[in-house]
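Per Swiss-Prot, these features apply:
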type: MOD_RES; residues: S2; note: N-acetylserine
type: DOMAIN; residues: 26-114; note: domain 'PPIase FKBP-type'
type: MOD_RES; residues: S51; note: phosphoserine
Amino acid sequence: MSEVIEGNVKIDRISPGDGATFPKTGDLVTIHYTGTLENGQKFDSSVDRGSPFQCNIGVGQVIKGWDVGIPKLSVGEKARLTIPGPYAYGPRGFPGLIPPNSTLVFDVELLKVN
């Protein structure tokens with residue numbers, strides 16, 4: 001099931017979470033993710049590192065697509081977030097890894113909310 005939210009960020013739900021515990025602005029979230037370009041080229045993966053990623057959501061610590069997309073997931077949920085350039089790294093890109101204005105695809109699993 002696909003849902004398109006703010007910024008044309010698309011959420012494709014892969015497997016459900018608990019359906020009750022959703023992150024709120026400022027919450028510390030623990031996430032496993034793999035990020036790819038639209039062509040499938042992987043640029044980053046917490047799964048490959050064997051260490052989940054933590055951040056405070058909704059406060060500008062991560063790309064805007066995560067700040068608007070992650071709060072739509074409940075703990076345990078796995079989803080694919082497709083994030084257009086303006087809600088990813090925009091015209092700067094990420095030199096050496098992500099070309100300017102790239103749409104990014106993240107397979108994410110929300111492990112924990114604190």
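Using N, Cα and C of the backbone, Cβ positions are placed for all residues, glycine too.
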Confidence summary (mean pLDDT) of the domain 'PPIase FKBP-type' (26-114): 98
For the domain 'PPIase FKBP-type' (26-114), residues assigned helix / strand / coil by DSSP: 19 helix, 36 strand, 34 coil
